[in-house]
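Structure record follows, encoded as structure tokens.
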Ligand SMILES: CC(=O)N[C@@H]([C@@H](O)[C@H](O)[C@H](O)CO)[C@@H](O)CC(=O)C(=O)O
């Protein structure tokens, strides 16, 4: 099936769901948030109802707000995985109704599929509920507990799911990822990597884009890494990735931490997560703030020379 939309590539921010202090969705800052992503971080695609955005806790109607005209987003992909097939299908239909550019689905994670064929049959039924939308499989075995290799799943997938357009691969198994790319080159799928700390390695393996939490506040820097990679300046690209590894992985990447970091960096109040997740502690926020200041966060000076000692 041919879709009119251009291929999803480059960076895709897994959306954070802004909330008020009492746990309601804070619709009033969504416009500001989108503006920040596009203008300050150079990130024009979003992945809604993401893991980071507390997918199962948040209604899909929230994403209507991201699809308003004038927001300058290229693509809004909505994750429609749920606890039952019927619910996933309803979410898929809803995504189509509100004008999403694509849907993504994780493997069912409570009563789990145990073979490739069972998983494919499930995904096929969800995809069929939104036949005009590109479909992406969201592979995140550490959270779903479904360990079927992505490479196995992709074998012959277009015969079953004609709307299949790509893979969001949130796993550290680069061999599996590389095989997915290698064995499907002719298909022009989007191979979107989802472990931000390893993006450079995934680019080497053929990633065509990335979906992740850190692109909310590190989008600009990661775009510079993509550019360095494109220019074959691998040493500079490695400096960006190392800077990320050395400094940011120490801060922590959970939902609460990401909300706290994003609030500090963007100035947009992201609020607390919903239970059972806990708000980042005061200690975390204070130390993150000090760390970001000491890093001269917005400039990351001296990267070009490989000097990673920025304010450490
Ligand atoms: C488990 C998890 O949340 N992984 C993140 C990564 O972006 C992750 O936060 C990052 O690599 C830092 O560890 C994404 O793959 C998840 C994501 O895109 C989503 O929220 O749907």
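Every residue, even glycine, has its Cβ placed from backbone N, Cα and C.
Note that TrEMBL annotation is computational and uncurated.
DSSP assigns residue 138 (active site, proton donor/acceptor) to a strand in the three-state reduction. Under the heading active site, proton donor/acceptor, TrEMBL lists 138.
According to TrEMBL, the active site, schiff-base intermediate with substrate annotation covers 168. Sequence-distant contacts (6 or more apart, same chain, Cβ under 8 Å) of residue 168 (active site, schiff-base intermediate with substrate) comprise 47, 104, 136, 137, 138, 139, 140, 192, 194, 211.
The pyruvate binding site annotation in TrEMBL covers 211. A sphere of 10 angstroms centred on the C-beta of residue 211 (pyruvate binding site) encloses 29 other C-beta atoms.
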Using a 10 Å radius around its CB, how many other CB atoms surround residue 138 (active site, proton donor/acceptor)?
26
Near ligand 1, meaning Cβ under 6 Å from any of its atoms: which of the recorded positions 138, 168, 211 fit that description?
211
